[in-house]
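Lifted from TrEMBL, the feature list:
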{"type": "BINDING", "residues": "A:Ala10, A:Gly11, A:Leu12, A:Gly13, A:Thr14, A:Val15, A:Gly16, A:Thr17", "note": "NADP(+) binding site"}
{"type": "BINDING", "residues": "A:Lys107", "note": "NADPH binding site"}
{"type": "BINDING", "residues": "A:Glu192", "note": "L-homoserine binding site"}
{"type": "ACT_SITE", "residues": "A:Lys207", "note": "active site, proton donor"}
{"type": "DOMAIN", "residues": "A:350-428", "note": "domain 'ACT'"}
There are 2 protein chains.
Amino acid sequence: MTEPLRLGIAGLGTVGTGVVKIVRRKAALLEARAGRPVEIVAVSARNRDKDRGVSLSDYAWEDDPVALAKRDDVDVFVELMGGSDGPAKAATEAALAAGKDVVTANKAMLAHHGTELAQLAEDHQGVLRFEAAVAGGIPVIKALTESLAGNEITRVLGVMNGTCNYILTRMESAGLPYDTVFEEANQLGYLEADPNLDVGGIDAGHKLSLLASIAFGTQVAFDDVQLEGIGCITIEDIRQAADMGYKIKLLGVTQMTGRGLEQRMTPCLVPDTSPLGQLDGGTNMVVIEGDEVGQIVLRGPGAGEGPTASAVMGDIMDIARGLRVSTFGRPAASLAPVTAALGATPAPYYLRMALMDKPGALAKIATVLGEAGISINRMRQYGHIEDAAPVLIVTHKTTRADLDRALEAMSGTGVLANDPVALRIEDV
Amino acid sequence: MTEPLRLGIAGLGTVGTGVVKIVRRKAALLEARAGRPVEIVAVSARNRDKDRGVSLSDYAWEDDPVALAKRDDVDVFVELMGGSDGPAKAATEAALAAGKDVVTANKAMLAHHGTELAQLAEDHQGVLRFEAAVAGGIPVIKALTESLAGNEITRVLGVMNGTCNYILTRMESAGLPYDTVFEEANQLGYLEADPNLDVGGIDAGHKLSLLASIAFGTQVAFDDVQLEGIGCITIEDIRQAADMGYKIKLLGVTQMTGRGLEQRMTPCLVPDTSPLGQLDGGTNMVVIEGDEVGQIVLRGPGAGEGPTASAVMGDIMDIARGLRVSTFGRPAASLAPVTAALGATPAPYYLRMALMDKPGALAKIATVLGEAGISINRMRQYGHIEDAAPVLIVTHKTTRADLDRALEAMSGTGVLANDPVALRIEDV
């Protein structure tokens with residue numbers, strides 16, 4: 001195989017431009033490693049005239065990404081447009097239907113249509129690869145799909161949204177409230193156009209659903225991911241957690257339980273001495289646990305031109321070398337339908353609430369917890385704020401279902417001055 | 001490709017037995033993932049009668065691993081005997097010459113004969129894979145060879161010998177001297193039969209030489225690795241380093257410099273807040289730095305039945321899936337000969353020495369350093385021990401060559417009461 005691998009790249013934002021630069025600058029290195037040249041033949045983007053700092057004059061231009069995807073001279077369609085549906089999906093489907101291979105960084109598209117797109121790829125003997133869609137430059141898809149193929153995966157967890165980790169780290173280090181740091185992050189351009197994709201956990205939830213599919217051989221089931229954002233986290237939560245030896249992270253966790261697949265993307269407390277607890281700033285970390293390997297920790301940049309383009313290039317180089325693996329590590333038709341198990345695995349929880357300044361308020365809360373079968377590990381009431389008394393409770397292990405029942409009963413007591421915040425304490 | 005992949009396994013120690021157990025216990029999972037059955041057809045070991053806790057009666061037995069390697073019904077020869085030469089090498093060569101694929105965990109064999117074995121594999125259209133040879137269960141070979149194929153690798157570094165890291169960590173946590181902890185490790189069975197393989201840095205040096213070859217496209221050059229063991233490290237060094245915010249690690253570092261390839265496996269000081277500094281106990285960590293991806297950190301168990309068997313199975317599953325990559329990431333014939341560059345990159349150094357109780361002793365040492373062009377960042381003389389005064393010096397950045405000249409000049413001053421210990425402070 002010495003004929004060139006011919007790429008068509010759709011989407012010339014930061015990542016697409018990064019890929020173009022690598023292919024141009026490192027032609028000799030890529031050829032030495034792949035055993036054949038890697039070339040760009042055509043590109044497509046919304047705005048042809050924008051200066052991207054790299055010459056595109058050697059490549060054919062297509063206004064329509066679907067037309068690019070179908071070109072006879074394209075072997076691999078590189079989809080870097082983004083968006084779960086619309087042109088990205090249409091062009092990906094067109095490429096796969098034309099028997100081409102596809103490399104994408106599009107977590108939203110795969111979270112919503114991954115199983116069907118994988119099937120379409122297999123129907124036409126193509127491969128569909130997406131290393132860049134999860135945790136940027138960290139090779140987590142390959143590790144899970146290939147390196148750990150001799151393991152039953154028992155749990156995958158991690159910090160998969162650098163913006164959220166930046167916000168939580170910065171709140172702690174600067175002692176600033178959420179709203180201020182959110183605004184800072186916005187000014188710095190760290191947030192998606194729809195910030196809820198970041199701080200609501202949706203972007204990270206997309207990624208988690210893809211890891212779950214590979215880890216457990218299940219269909220991609222993003223709709224079954226339990227999603228909670230970080231907007232409820234206060235500086236007081238971060239300080240109280242630190243006092244007890246924990247950090248608060250937007251943590252994705254997926255594991256197969258006796259009742260089905262658990263997928264959670266929620267703020268959690270993790271020990272501050274654990275690798276996850278020590279992860280500051282915009283870095284990502286994925287922890288994979290397998291029955292043979294034990295625990296593997298992968299850490300690196302989760303976003304940015306270089307890291308994401310590096311991951312896209314890894315997939316392209318695999319294809320150039322003839323390395324062809326099923327999208328989710330086994331044939332799409334064999335992926336099992338998901339039975340969602342929310343709240344199946346028990347854990348201790350951190351609860352923060354404000355109680356009205358009434359006699360017996362705390363007793364009522366304690367009673368409700370006791371009646372739900374939830375025992376209290378620590379409880380602390382501290383200085384009044386206006387007419388309410390902040391209360392912190394750390395429970396012993398309980399299921400989320402029991403906890404939700406207790407939280408509902410609490411709201412019926414008439415002593416709550418706000419909605420309680422409940423954060424799982426994850427054993428990592 | 002639905003016919004079974006047929007394995008011949010030579011060496012039934014901990015790892016070999018682990019692989020047998022996985023293939024037996026997870027037949028359905030492996031078949032689902034590989035798209036074909038993975039089967040063992042024959043095994044070989046020194047002692048046929050030993051009880052290994054797993055039934056071998058389904059498999060043909062060969063007393064001679066070379067005979068096993070040549071069997072017509074073996075597709076993949078799995079070499080888990082160990083030893084750089086002898087039967088392991090003979091059988092590996094026989095298997096490759098017979099056109100079979102080989103999976104090995106044998107770092108010593110590859111460190112000494114890797115380039116030639118890779119060439120032999122390519123001459124016969126076979127692949128030779130060795131994920132288990134470096135950092136046990138951590139998928140570092142695959143990450144470097146495949147995932148990061150779009151990067152110029154700038155540096156690879158890491159802690160690659162769990163026993164050394166255990167000893168250094170335990171010295172610090174228990175406040176025990178090296179000899180005591182060495183003996184403890186020996187009692188616990190953590191040390192190789194020849195302990196110098198561990199504490200002398202040889203085993204870790206083998207691993208580093210393999211990473212260097214992939215990272216920089218060079219022939220394997222273990223003889224050019226600068227090797228220093230941990231036997232010189234005292235509890236006092238560990239405490240002084242901790243005082244300054246450092247940990248001492250047996251650190252492997254390889255980078256391509258303007259003068260050639262640098263490969264070092266030496267005790268170094270690293271910041272205690274870095275991922276490498278935070279790595280306690282028997283765990284391994286490899287840090288890969290690339291021009292696109294920035295820094296990737298991979299952490300996990302570096303030894304043991306499960307983790308090592310997991311890595312062997314990863315290679316076997318790749319072959320079952322038809323994923324075939326050159327041993328060191330490019331054709332063996334294209335690997336460049338190595339020009340060794342020892343001490344090319346400058347760094348600050350930590351120096352510990354004992355000076356005789358003579359007037360002007362410290363001044364003589366300071367003068368020698370000054371004459372070598374090495375400036376002093378900190379210097380500390382503390383309580384006398386018998387007739388000698390311990391002195392610690394931290395230099396500003398200098399090359400190892402300049403430092404070695406200074407150390408030689410020091411020994412000519414007549415004021416040294418012992419051989420100085422010089423530890424590089426690595427920027428990580």
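Cβ coordinates are placed from backbone N, Cα and C, and glycine is handled just like the others.
Any TrEMBL annotation is an automated prediction that lacks curation.
Taking the mean position of the Cβ atoms of A:Ala10, A:Gly11, A:Leu12, A:Gly13, A:Thr14, A:Val15, A:Gly16, A:Thr17 as the NADP(+) site, the remaining same-chain residues with a Cβ inside 8 Å of that point are A:Ile9, A:Gly18, A:Val19, A:Ala45, A:Leu80, A:Met81. Candidates A:Gly11, A:Gly13, A:Lys107 (binding-site residues) were compared with the residue listed as 'L-homoserine binding site'; none lies inside 10 Å Cα-Cα.
Annotation note: A:Ala10 (NADP(+) binding site) sits in a strand segment as assigned by DSSP. Taking every protein chain shown into account, A:Lys107, A:Lys207 are the recorded positions, and of these the Cβ with the most other Cβ atoms within 10 Å belongs to A:Lys207. Here the Cα atom of A:Thr14 (NADP(+) binding site) is found 16 Å from that of A:Lys107 (NADPH binding site). Each residue in the domain 'ACT' (A:350-428) has a pLDDT score, and their mean in this model is 92. Shown are the binding-site residues A:Ala10, A:Leu12; of these, the residue with the fewest other Cβ atoms within 10 Å is A:Leu12. The sparsest Cβ neighbourhood within 10 Å, among the listed binding-site residues (A:Gly11, A:Gly13, A:Gly16), is found at A:Gly13. Every protein chain considered, the tally of other Cβ atoms within 10 Å of the Cβ of A:Thr14 (NADP(+) binding site) stands at 15.
A coil conformation is recorded for the residue listed as 'L-homoserine binding site' in the three-state DSSP classification, outside any helix or strand.
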